[in-house]
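Asks: Mind having a look at this structure? Questions to follow.
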Amino acid sequence: MAAPASPLGLRSDDARPVGSLSIFDPVYLGIDEYGHPIHVPIIFRNFLIGGEPGAGKSSLLNNFVAHAALSLDCRLILLDGKRVELGLWKRVADVFVGPSPELAIRVLQRVQRMMDNRYEYLDWCERRKIDPGDAFNAYLLAVDELAYFSATAGDKNTQERFSTLLRDVVARGRAVGIMVVAATQRPSSDIIPTSLRDLFAWRFAGRCTTDSSSDIVLGHGWAAQGYTANTIDPTNQGAGYLIAEGGSPMLAKSAYLSDADIRRLRNHAERLRHEHGVMPAKLRLQPDLGRAA
Ligand SMILES: Nc1ncnc2c1ncn2[C@@H]1O[C@H](COP(=O)(O)OP(=O)(O)OP(=O)(O)O)[C@@H](O)[C@H]1O
(Lines of atoms letter the chains of each structure in order from A and count residues from 1; the text may use other names and numbers.)
(Lines give C-alpha, C1' and ligand atoms only; values in the text may rest on other atoms or scores of the structure.)
Protein backbone atom coordinates (compact mmCIF):
# COMPACT_ATOMS: atom_id res chain seq x y z
CA MET A 1 0.00 0.00 0.00
CA ALA A 2 1.27 3.50 -0.83
CA ALA A 3 2.57 5.65 2.02
CA PRO A 4 0.12 8.32 3.23
CA ALA A 5 0.43 11.81 1.72
CA SER A 6 1.81 14.57 3.94
CA PRO A 7 0.41 18.13 3.86
CA LEU A 8 3.15 18.90 1.32
CA GLY A 9 1.65 16.43 -1.07
CA LEU A 10 4.87 14.48 -0.66
CA ARG A 11 4.88 10.89 0.35
CA SER A 12 7.59 9.18 2.27
CA ASP A 13 8.43 7.20 -0.89
CA ASP A 14 8.54 10.35 -3.07
CA ALA A 15 11.77 11.97 -4.22
CA ARG A 16 12.25 15.13 -2.20
CA PRO A 17 12.54 18.54 -3.87
CA VAL A 18 16.01 19.29 -5.22
CA GLY A 19 18.10 21.32 -2.80
CA SER A 20 16.04 20.39 0.25
CA LEU A 21 16.82 18.24 3.26
CA SER A 22 14.72 16.25 5.70
CA ILE A 23 14.76 16.52 9.47
CA PHE A 24 15.03 12.72 9.39
CA ASP A 25 18.52 13.19 7.83
CA PRO A 26 21.43 13.57 10.26
CA VAL A 27 22.67 17.14 10.65
CA TYR A 28 26.19 18.00 9.50
CA LEU A 29 27.92 19.26 12.65
CA GLY A 30 31.55 19.64 11.57
CA ILE A 31 34.67 17.49 11.74
CA ASP A 32 36.35 15.29 14.30
CA GLU A 33 40.00 15.56 15.31
CA TYR A 34 41.03 13.45 12.29
CA GLY A 35 39.15 15.68 9.89
CA HIS A 36 36.31 13.20 9.34
CA PRO A 37 32.81 14.62 8.95
CA ILE A 38 30.44 14.31 11.91
CA HIS A 39 26.72 13.92 11.32
CA VAL A 40 24.29 13.99 14.21
CA PRO A 41 20.78 12.50 14.01
CA ILE A 42 18.46 15.09 15.54
CA ILE A 43 15.05 13.54 14.93
CA PHE A 44 13.68 12.22 18.26
CA ARG A 45 16.62 13.78 20.10
CA ASN A 46 17.50 17.00 21.91
CA PHE A 47 20.86 18.74 21.74
CA LEU A 48 22.50 20.86 24.46
CA ILE A 49 25.33 23.31 23.78
CA GLY A 50 27.35 24.87 26.62
CA GLY A 51 30.51 26.91 26.85
CA GLU A 52 31.99 30.25 27.82
CA PRO A 53 31.04 33.45 25.94
CA GLY A 54 32.55 33.40 22.46
CA ALA A 55 33.11 29.63 22.45
CA GLY A 56 31.09 29.21 19.25
CA LYS A 57 27.73 28.07 20.66
CA SER A 58 25.51 30.25 18.48
CA SER A 59 27.46 29.23 15.41
CA LEU A 60 26.84 25.57 16.17
CA LEU A 61 23.19 26.26 16.91
CA ASN A 62 22.90 27.94 13.51
CA ASN A 63 23.96 24.69 11.80
CA PHE A 64 20.93 22.94 13.28
CA VAL A 65 18.61 25.79 12.40
CA ALA A 66 19.98 25.84 8.82
CA HIS A 67 19.34 22.12 8.44
CA ALA A 68 15.82 22.44 9.83
CA ALA A 69 15.08 25.47 7.63
CA LEU A 70 16.03 23.48 4.54
CA SER A 71 13.91 20.53 5.70
CA LEU A 72 10.43 20.91 4.30
CA ASP A 73 9.15 18.39 6.83
CA CYS A 74 10.20 20.62 9.72
CA ARG A 75 9.05 23.94 11.13
CA LEU A 76 11.03 26.37 13.26
CA ILE A 77 10.41 28.01 16.61
CA LEU A 78 13.23 30.35 17.63
CA LEU A 79 13.84 31.86 21.06
CA ASP A 80 16.70 34.32 21.11
CA GLY A 81 17.05 36.84 23.91
CA LYS A 82 19.78 38.68 21.96
CA ARG A 83 17.64 38.71 18.77
CA VAL A 84 20.61 38.69 16.40
CA GLU A 85 21.99 35.17 16.88
CA LEU A 86 18.99 33.50 15.22
CA GLY A 87 17.32 36.61 13.87
CA LEU A 88 18.40 36.01 10.27
CA TRP A 89 16.09 32.97 10.17
CA LYS A 90 13.02 34.95 11.26
CA ARG A 91 11.44 34.86 7.80
CA VAL A 92 11.32 31.07 7.70
CA ALA A 93 10.28 30.54 11.33
CA ASP A 94 6.73 29.99 12.58
CA VAL A 95 7.62 32.02 15.66
CA PHE A 96 10.55 34.20 16.60
CA VAL A 97 10.79 35.31 20.22
CA GLY A 98 13.24 38.06 21.13
CA PRO A 99 13.85 39.40 24.64
CA SER A 100 10.34 38.67 25.92
CA PRO A 101 10.07 35.97 28.59
CA GLU A 102 6.25 36.35 28.61
CA LEU A 103 6.04 35.61 24.88
CA ALA A 104 8.46 32.71 25.33
CA ILE A 105 6.11 31.25 27.95
CA ARG A 106 3.06 31.65 25.70
CA VAL A 107 4.89 29.95 22.86
CA LEU A 108 5.96 27.05 25.10
CA GLN A 109 2.38 26.69 26.35
CA ARG A 110 1.27 26.46 22.72
CA VAL A 111 3.94 23.85 22.01
CA GLN A 112 2.85 21.92 25.09
CA ARG A 113 -0.73 21.89 23.81
CA MET A 114 0.44 20.71 20.41
CA MET A 115 2.48 17.98 22.08
CA ASP A 116 -0.54 16.77 24.07
CA ASN A 117 -2.69 16.68 20.92
CA ARG A 118 -0.05 14.71 19.06
CA TYR A 119 0.18 12.17 21.88
CA GLU A 120 -3.57 11.83 21.80
CA TYR A 121 -3.33 11.13 18.06
CA LEU A 122 -0.54 8.57 18.51
CA ASP A 123 -2.50 6.90 21.29
CA TRP A 124 -5.55 6.74 19.02
CA CYS A 125 -3.61 5.09 16.18
CA GLU A 126 -1.66 2.86 18.57
CA ARG A 127 1.81 4.13 17.73
CA ARG A 128 4.69 5.39 19.81
CA LYS A 129 6.42 7.83 17.43
CA ILE A 130 5.73 9.96 14.39
CA ASP A 131 6.91 8.70 10.98
CA PRO A 132 8.44 10.53 8.00
CA GLY A 133 5.13 10.40 6.09
CA ASP A 134 3.02 11.59 9.01
CA ALA A 135 0.25 14.12 8.79
CA PHE A 136 2.11 16.72 10.83
CA ASN A 137 5.49 18.41 10.56
CA ALA A 138 8.37 18.07 12.98
CA TYR A 139 9.40 21.18 14.90
CA LEU A 140 12.85 22.37 15.85
CA LEU A 141 12.74 24.61 18.91
CA ALA A 142 16.04 26.51 19.15
CA VAL A 143 16.91 28.46 22.32
CA ASP A 144 19.78 30.94 22.58
CA GLU A 145 20.48 31.75 25.46
CA LEU A 146 18.79 29.39 27.89
CA ALA A 147 19.86 31.33 31.00
CA TYR A 148 18.37 34.55 29.65
CA PHE A 149 14.88 33.06 29.89
CA SER A 150 15.41 30.79 32.90
CA ALA A 151 17.51 33.00 35.20
CA THR A 152 18.02 36.56 33.95
CA ALA A 153 14.97 38.21 32.38
CA GLY A 154 11.61 38.58 34.13
CA ASP A 155 10.88 37.74 37.75
CA LYS A 156 11.35 34.48 39.64
CA ASN A 157 7.85 33.30 38.81
CA THR A 158 8.33 33.89 35.06
CA GLN A 159 11.69 32.14 35.10
CA GLU A 160 10.28 29.13 36.93
CA ARG A 161 7.33 28.89 34.55
CA PHE A 162 9.69 29.03 31.59
CA SER A 163 11.95 26.34 33.07
CA THR A 164 9.05 24.03 33.90
CA LEU A 165 7.54 24.34 30.43
CA LEU A 166 10.86 23.86 28.67
CA ARG A 167 11.63 20.80 30.76
CA ASP A 168 8.30 19.29 29.75
CA VAL A 169 8.96 19.96 26.04
CA VAL A 170 12.47 18.52 26.29
CA ALA A 171 11.15 15.46 28.14
CA ARG A 172 8.07 14.68 26.06
CA GLY A 173 8.45 16.48 22.74
CA ARG A 174 10.89 14.33 20.85
CA ALA A 175 8.68 11.26 20.24
CA VAL A 176 6.12 13.52 18.59
CA GLY A 177 8.77 15.28 16.50
CA ILE A 178 9.37 18.37 18.64
CA MET A 179 13.10 18.63 19.24
CA VAL A 180 14.96 21.18 21.36
CA VAL A 181 18.43 22.53 20.64
CA ALA A 182 19.48 24.89 23.43
CA ALA A 183 22.66 26.88 24.06
CA THR A 184 23.94 28.43 27.25
CA GLN A 185 27.04 30.34 28.27
CA ARG A 186 26.27 29.52 31.89
CA PRO A 187 26.85 25.78 32.30
CA SER A 188 26.08 25.74 36.02
CA SER A 189 23.88 23.41 38.03
CA ASP A 190 21.16 26.03 38.55
CA ILE A 191 20.77 26.54 34.77
CA ILE A 192 21.30 22.91 33.77
CA PRO A 193 20.41 20.60 36.64
CA THR A 194 21.45 16.98 36.02
CA SER A 195 17.83 15.91 35.56
CA LEU A 196 17.47 18.37 32.66
CA ARG A 197 20.93 17.70 31.21
CA ASP A 198 20.22 13.99 30.97
CA LEU A 199 17.20 14.66 28.74
CA PHE A 200 19.57 15.90 26.03
CA ALA A 201 20.78 12.86 24.11
CA TRP A 202 23.53 14.90 22.44
CA ARG A 203 25.66 17.50 24.18
CA PHE A 204 28.48 19.74 23.08
CA ALA A 205 30.83 21.51 25.49
CA GLY A 206 32.71 24.35 23.85
CA ARG A 207 35.53 25.91 25.84
CA CYS A 208 34.55 26.08 29.53
CA THR A 209 36.34 28.02 32.24
CA THR A 210 36.33 25.15 34.75
CA ASP A 211 36.31 21.37 34.79
CA SER A 212 33.06 21.40 36.70
CA SER A 213 31.21 23.48 34.10
CA SER A 214 32.50 21.10 31.42
CA ASP A 215 31.18 18.19 33.50
CA ILE A 216 27.81 19.88 33.82
CA VAL A 217 27.43 19.67 30.04
CA LEU A 218 29.16 16.36 29.33
CA GLY A 219 28.25 14.49 32.50
CA HIS A 220 29.80 14.06 35.90
CA GLY A 221 33.22 12.43 36.01
CA TRP A 222 34.43 13.05 32.45
CA ALA A 223 36.88 15.79 33.49
CA ALA A 224 38.56 13.40 35.91
CA GLN A 225 39.04 11.00 33.00
CA GLY A 226 40.75 13.68 30.93
CA TYR A 227 37.80 14.91 28.89
CA THR A 228 37.38 18.53 29.85
CA ALA A 229 36.45 21.47 27.67
CA ASN A 230 38.66 23.56 29.95
CA THR A 231 41.59 22.36 27.84
CA ILE A 232 40.16 23.80 24.61
CA ASP A 233 42.26 26.73 23.38
CA PRO A 234 40.22 29.94 23.81
CA THR A 235 41.24 31.01 20.31
CA ASN A 236 39.87 27.80 18.83
CA GLN A 237 36.22 28.85 18.62
CA GLY A 238 33.84 26.14 17.53
CA ALA A 239 36.03 23.40 19.02
CA GLY A 240 34.73 21.33 21.91
CA TYR A 241 33.77 17.90 23.19
CA LEU A 242 30.75 16.17 21.72
CA ILE A 243 29.05 13.36 23.58
CA ALA A 244 26.14 11.15 22.62
CA GLU A 245 23.91 9.26 25.00
CA GLY A 246 25.88 6.36 26.41
CA GLY A 247 29.06 7.27 24.51
CA SER A 248 32.39 8.90 25.33
CA PRO A 249 33.27 12.52 24.57
CA MET A 250 35.02 13.15 21.25
CA LEU A 251 36.80 16.25 20.07
CA ALA A 252 34.93 18.13 17.37
CA LYS A 253 35.10 21.37 15.49
CA SER A 254 31.78 22.73 14.37
CA ALA A 255 31.09 24.00 10.88
CA TYR A 256 30.82 27.77 10.65
CA LEU A 257 28.24 29.75 8.72
CA SER A 258 29.00 33.42 8.14
CA ASP A 259 26.15 35.93 8.08
CA ALA A 260 26.36 35.92 4.28
CA ASP A 261 26.12 32.09 4.24
CA ILE A 262 23.10 32.23 6.53
CA ARG A 263 21.38 34.85 4.36
CA ARG A 264 21.95 32.72 1.25
CA LEU A 265 20.67 29.56 2.94
CA ARG A 266 17.72 31.43 4.43
CA ASN A 267 16.78 32.81 0.98
CA HIS A 268 17.04 29.33 -0.51
CA ALA A 269 14.93 27.84 2.31
CA GLU A 270 12.37 30.61 1.89
CA ARG A 271 12.13 29.97 -1.86
CA LEU A 272 11.79 26.20 -1.34
CA ARG A 273 9.13 26.67 1.32
CA HIS A 274 7.23 29.09 -0.86
CA GLU A 275 7.33 26.75 -3.88
CA HIS A 276 6.14 23.79 -1.82
CA GLY A 277 3.54 25.53 0.31
CA VAL A 278 5.35 25.27 3.66
CA MET A 279 5.60 28.93 4.51
CA PRO A 280 5.65 29.83 8.21
CA ALA A 281 2.28 29.28 9.85
CA LYS A 282 1.98 31.80 12.64
CA LEU A 283 1.07 30.00 15.85
CA ARG A 284 -2.09 31.32 17.46
CA LEU A 285 -1.08 31.95 21.03
CA GLN A 286 -4.11 33.25 22.90
CA PRO A 287 -6.68 32.67 24.25
CA ASP A 288 -7.71 29.01 23.87
CA LEU A 289 -5.54 27.74 21.07
CA GLY A 290 -7.68 24.87 19.85
CA ARG A 291 -6.24 21.68 18.47
CA ALA A 292 -2.78 21.87 16.99
CA ALA A 293 -1.84 20.11 13.81
N1 LIG B 1 33.22 26.80 14.09
C2 LIG B 1 33.86 27.96 14.05
N3 LIG B 1 34.94 28.12 13.28
C4 LIG B 1 35.61 29.29 13.24
N5 LIG B 1 35.27 30.39 13.95
C6 LIG B 1 34.20 30.29 14.73
C7 LIG B 1 33.43 29.07 14.84
N8 LIG B 1 32.43 29.28 15.70
C9 LIG B 1 32.55 30.53 16.14
N10 LIG B 1 33.61 31.15 15.56
C11 LIG B 1 34.06 32.52 15.80
O12 LIG B 1 33.79 32.84 17.14
C13 LIG B 1 32.94 33.97 17.24
C14 LIG B 1 31.96 33.79 18.39
O15 LIG B 1 31.11 32.72 18.07
P16 LIG B 1 29.65 32.60 18.70
O17 LIG B 1 28.94 33.91 18.61
O18 LIG B 1 29.01 31.43 18.07
O19 LIG B 1 30.02 32.33 20.22
P20 LIG B 1 29.03 32.13 21.43
O21 LIG B 1 29.61 31.03 22.23
O22 LIG B 1 27.64 31.95 20.95
O23 LIG B 1 29.16 33.50 22.19
P24 LIG B 1 28.12 34.17 23.21
O25 LIG B 1 28.01 33.25 24.37
O26 LIG B 1 28.75 35.46 23.57
O27 LIG B 1 26.83 34.32 22.46
C28 LIG B 1 32.25 34.05 15.87
O29 LIG B 1 31.89 35.36 15.56
C30 LIG B 1 33.31 33.52 14.94
O31 LIG B 1 34.20 34.54 14.58
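The backbone N, Cα and C atoms fix where each Cβ goes, and this holds for glycine too.
Here's the feature list from TrEMBL:
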- G51, E52, P53, G54, A55, G56, K57, S58: ATP binding site (BINDING)
- 24-215: domain 'FtsK' (DOMAIN)
Asks: If you draw a 10 Å sphere on the Cβ of G51 (ATP binding site), how many other Cβ atoms land inside?
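Replies: The Cβ of G51 (ATP binding site) has 30 Cβ neighbours within 10 Å.
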Asks: Using the centroid of the Cβ atoms of G51, E52, P53, G54, A55, G56, K57, S58 as reference, list every other same-chain residue with Cβ within 8 Å of it (recorded ATP site), in sequence order.
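Replies: So the extra residues in range turn out to be Q185, G206, R207, Q237.
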Asks: Within the domain 'FtsK' (24-215), what mean pLDDT does the predicted structure show?
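Replies: Averaging the confidence scores along the domain 'FtsK' (24-215) gives 93.
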Asks: Ranked by the number of other Cβ atoms within 10 Å of their own Cβ, which of the binding-site residues P53, G54, G56 ranks first?
Replies: G56
